[in-house]
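One structure is given below, encoded as structure tokens.
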Amino acid sequence: MVKKILMICLGNICRSPIAEAVMVDTIKKAGVSDEWEVDSAAIGGWHVGNPPDHRALSTMKKHNLPYTNRARQIKSKDFEEFDYIFGMDEENMDDLASRAPKGSKAKLLMLGDFGLPKAERIIEDPYYQRGDAGFEKAYQQCVVACDAFLKKALANEI
């Protein structure tokens, strides 16, 4: 049975596309691509239909992560279709908890709770920052967190 992961951030143009691409790559490297599906979405609808921020795309390209998806907003049915929905920060988690239909199947998890030190668990939104540094930091955090999550998931510890 295929497990489904949804990465969430505020606009689906910075952190969640990077997290999606990193998780796809992590799953591929683990040799379990046929067992997992990964997507991403936004809390808000401002950027629906748009590609990721150019700095997110350049960060993914720098790390050889292909990406062609466009921003979309989370829907109620996502809480039933996905097994795991990851937020990037506390605000995302609060928004997800308030939108989740009662009894929905998805586990709501903060990505940074996997493998990162407590002080680094928030994957900060780099949208309003100058340059690429915040995008690179988000990428590095996602690499650690996605690997740690997948190891736990494959060991049936989640």
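Just so you know, glycine gets a Cβ as well, placed from its N, Cα and C.
Residues annotated as active site, nucleophile in TrEMBL: C9. Of all Cβ atoms in the shown protein chains, 30 besides its own fall within 10 Å of the Cβ of C9 (active site, nucleophile).
According to TrEMBL, the feature active site maps to R15. Within 10 Å of the C-beta atom of R15 (active site) sit 34 other C-beta atoms, taking all shown protein chains into account.
Of all the Cβ atoms in the protein chains shown, 18 others lie within 10 Å of the Cβ of D125 (active site, proton donor). Annotation comment: TrEMBL describes D125 as active site, proton donor.
According to TrEMBL, the domain 'Phosphotyrosine protein phosphatase I' annotation covers 3-152.
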Rounded Cα distance in angstrom between D125 (active site, proton donor) and R15 (active site) is 7
One should report the C-alpha separation between R15 (active site) and C9 (active site, nucleophile), rounded to whole angstrom, as 6
Over the domain 'Phosphotyrosine protein phosphatase I' (3-152) the mean pLDDT stands at 97
